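Next up is a structure, given as structure tokens.
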């Protein structure tokens with residue numbers, strides 16, 4: 001499950017909470033594109049901003065509309081008690097795997113993060129992906145901590161926040177990390193701009209934001225890399241760099257992808273939870289141009 | 001209200017949620033010491049980790065047990081809708097002021113933070129303290145943004161995360177910031193180790209963690225500084241530096257102050273929400289020594 005293209009859909013809001021038809025529509029695109037897994041309630045799925053009942057509903061909808069594609073559910077929360085409750089619900093609802101970010105408000109200590117993963121891993125019997133992204137969680141994993149967590153039961157993968165720019169450095173980075181992990185624990189790259197670089201460097205999976213909205217474009221990169229066509233993967237990933245540049249200009253991928261979904265008519269306006277905003281008029285014009293040029297639709 | 005010593009009590013947990021008798025006991029210490037204001041549900045009050053019903057209960061208890069001391073209630077949340085609901089509840093419950101941190105998961109843009117403060121400031125009719133502490137909120141205010149927010153209705157104070165070490169640099173920093181603010185908007189220092197330095201540099205208030213547990217020690221620093229006895233304030237603040245060093249060793253003030261409250265028998269063991277942990281045995285021994293040496297009780 002934690003190999004290939006893992007697509008992260010939005011959890012679009014409407015006037016009255018979750019826009020269920022819109023979410024189901026996003027799921028349908030992913031199923032049609034035959035992504036390798038679907039991860040609902042990741043950062044792109046705004047897990048941190050939704051109420052418990054909304055998260056449970058997204059979980060049910062994801063499981064119900066994924067067909068035979070494995071579903072991973074994000075279970076991050078600020079308290080261990082909430083994480084455990086989300087884990088239990090997701091497993092009971094039929095999720096195939098769990099994504100666990102060490103979400104923080106007060107900066108966390110390594111032993112606190114270890115204890116969090118220990119509590120969850122001992123309670124569940126489906127595999128967990130460790131979510132390492134300091135931009136959102138504000139926690140930096142050491143390799144030692146990754147190794148210690150990966151030896152816990154039910155740890156299936158580590159989602160890393162990118163790789164070095166240089167191919168050899170990236171390859172060594174992935175090799176070094178994997179050498180510390182039990183065999184069977186995969187490593188997946190995130191940060192869409194790093195996709196080809198990470199996959200070409202030996203990452204087993206791409207945890208993909210763009211893949212949650214434009215799965216064919218993400219599939220084309222993933223399949224080239226996994227077929228050993230490193231140059232083709234790089235070329236296809238670089239072709240999307242106007243999109244990656246918009247991510248950089250708007251504080252990350254979320255606002256850009258949410259606005260793109262809106263421009264395609266797949267979600268309602270203002271689909272993000274305030275205070276998060278979709279793009280302003282100038283940003284919208286630039287994005288519309290990029291989507292047209294890249295034939296993303 | 002936003003001048004002098006503002007004390008930030010813990011929101012201690014017991015076996016079954018909020019430990020109400022313990023919270024009431026902490027409030028009684030603050031009332032007895034005649035602090036200038038009490039801020040419940042600040043970062044020290046674990047606002048980010050509590051359920052809505054728990055936050056409403058702390059709000060009610062703080063108002064009920066503050067006597068004639070002004071009560072400020074923290075209303076931070078990841079979504080604007082939740083912030084507005086907490087603001088409405090706190091105002092209705094009788095709070096005298098509000099503390100609003102720009103809590104974030106996805107990194108926030110300046111215009112999103114401005115819109116958050118705008119929404120709240122137009123809805124309430126009690127003053128708001130702007131909470132600036134990138135260590136917990138992961139948002140960095142520019143002075144321009146502070147100035148723009150301070151011109152909104154009902155903004156009463158800005159809580160800044162410390163001042164430069166050098167006295168002249170600190171004085172200039174506070175003077176520069178105040179020059180950008182409407183008169184009547186106070187500036188308060190936070191970061192306990194900065195207390196004397198900030199007050200001596202012209203800050204109007206100290207938003208104090210240690211003052212939430214040891215109000216007399218914090219009063220002694222505040223009153224010396226506000227009486228113009230800068231050297232005495234510095235001496236009293238420096239005398240507590242063994243405590244500030246423990247803050248540094250344990251990832252901030254919260255774990256240390258929570259453990260100290262436990263060692264004094266004021267709260268139950270494990271009063272913090274998991275994954276946050278109080279100190280381990282070695283940390284506890286060091287803290288007990290410091291509390292004894294400094295006669296903090």
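Quick reminder: no glycine exception, Cβ is built from N, Cα and C everywhere.
Straight from TrEMBL, here's the annotation block:
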- B:131: active site, proton donor/acceptor (ACT_SITE)
- B:159: active site, schiff-base intermediate with substrate (ACT_SITE)
- B:44: pyruvate binding site (BINDING)
For a quick check of packing: other C-beta atoms within 10 Å of the C-beta of the residue listed as 'active site, schiff-base intermediate with substrate', how many?
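Around the residue listed as 'active site, schiff-base intermediate with substrate', other Cβ atoms within 10 Å: 25.
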Ten-angstrom check, please: count other Cβ atoms within 10 Å of the Cβ of the residue listed as 'active site, proton donor/acceptor', all chains counted.
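The residue listed as 'active site, proton donor/acceptor': 28 neighbouring Cβ atoms within 10 Å.
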When a 10 Å sphere is centred on the Cβ of residue B:44 (pyruvate binding site), how many other Cβ atoms does it contain?
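Total other Cβ atoms inside 10 Å, all chains included: 27.
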Could you say whether, by DSSP, the residue listed as 'pyruvate binding site' belongs to a helix, a strand or a coil region?
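Reduced to three states, the DSSP call for the residue listed as 'pyruvate binding site' is coil.
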Just the number: how many Å between the Cα atoms of the residue listed as 'active site, proton donor/acceptor' and residue B:44 (pyruvate binding site)?
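Their Cα atoms are separated by 13 Å.
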Helix, strand or coil by DSSP: which one applies to residue B:159 (active site, schiff-base intermediate with substrate)?
strand
